[in-house]
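Down below is the structure, laid out as structure tokens.
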């Protein structure tokens, strides 16, 4: 009987809550400490139009009276959107530095919890601290983690967290002197209530930098490094189309590491070329030694890519290699000499022919299908689907196809995309067969030497092939 009484007492004993409390305390947002960044717009290379837009917010926080006199209201929130590594965090920090504001730097995932109400409490706590330390900037990176669109299957905890964020933003007064800056890679995921005027008033796209901005970024990242006179940053900026600020910083750092490895006193153009190749193609895998049969297959595969690329003439070839890097057994390094944003149908077909050339070369020489073209085929499939569904470049007509329409027309879309790929493949086979001698010559050079420059390629192939 005594044992039964003890058991019943245990059942009636309240469940301890220390585990949940401990989890809350460990989260960075609960003890969110502000900083006073020294970063200013002078530290942000390029992005002049975006900085000009942000100067207005800086000026409003510094001199609010002249705006109030005109009846103007300061934006409550600014939303940065675009691919990762383009400087969204740096810009937010620069706004805080320019205004001498307290800077609260958090990520959306820090508010996400399985316990209902915890995320909302963290939002309240963060905004209370920001108001106390005003003027202040709240920067929420990856805001889509808490600001995603709500639907019937939504998580109740996430909904409460988002609702609390909306309440806090609505609670800003004209004298609060608190700005919230959000950042996301996926604007399309965000809830419409978050995007409307009065909350995130300004949406600023921060894309990959253009040539001028890349040049300015490279100047910043090489400013404190011993750069040899052989290094031409303008040429390097042209070669790095599509690279973001993080990539460019990495290239400068890798070049410095290569210089140290070579025991050089300065960083030369050779070091930058090695760094560029490292960032694009990955780490050289010295332990991956191909058997002779596979080395021959890879030689013909890459020779096919190089030959068709030279015939199509879309993008200059810098280097061809069958030295394994990363997950690739070989590669053709192509770097554009100008920024391109628009492509014609013929140019997209040319891209697909270059990608299919490795597989086509293997079929011609070895009469087989191998796994070596896996990544090429994925890229070809993406381009073909975009031509059909996004660019209106198929027999389905001049329209974009998405959502329910895409599901309804899936069979027709697949047929159109497949027809485009099959036509490209047949034409690629013909190109290589018509230049079979050059294919053998290039492949043999790669097999023997393992690498080839653009100049070596031009010297080996017939003049009729050079575009």
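In case you wondered, yes, glycine gets a Cβ from its N, Cα and C as well.
For the Zn(2+) site that TrEMBL gives as 301, 305, the extra residue drawn from 232, 375, 376 is 376. Sitting within 8 Å of the Cβ centre of 301, 305, 376, and not among those site residues for Zn(2+), are the Cβ atoms of 302, 304, 330, 332, 355, 356, 357, 358, 359, 361, 372, 373. Residue 88 (ATP binding site) has 376 as its nearest neighbour among the binding-site residues 301, 305, 376, going by CA to CA distance. The DSSP breakdown of the domain 'AAA+ ATPase' (74-210), given as helix, strand and coil counts, is 57 helix, 32 strand, 48 coil. Proximity of residue 302 (active site) to non-local residues of its own chain (separation of 6 or more, Cβ distance below 8 Å) is seen for 320, 321, 322, 330, 331, 332, 358, 446, given in sequence order. Note: the ATP site is recorded as 82, 83, 84, 85, 86, 87, 88, 89; in the same chain, 80, 183, 185, 206, 244, 245, 246 also have Cβ atoms within 8 Å of that site's Cβ centroid. Cα distances from residue 87 (ATP binding site) to the binding-site residues 301, 305, 376 are smallest for 376. Among the binding-site residues 301, 305, 376, the residue whose Cα lies closest in space to that of residue 86 (ATP binding site) is 376.
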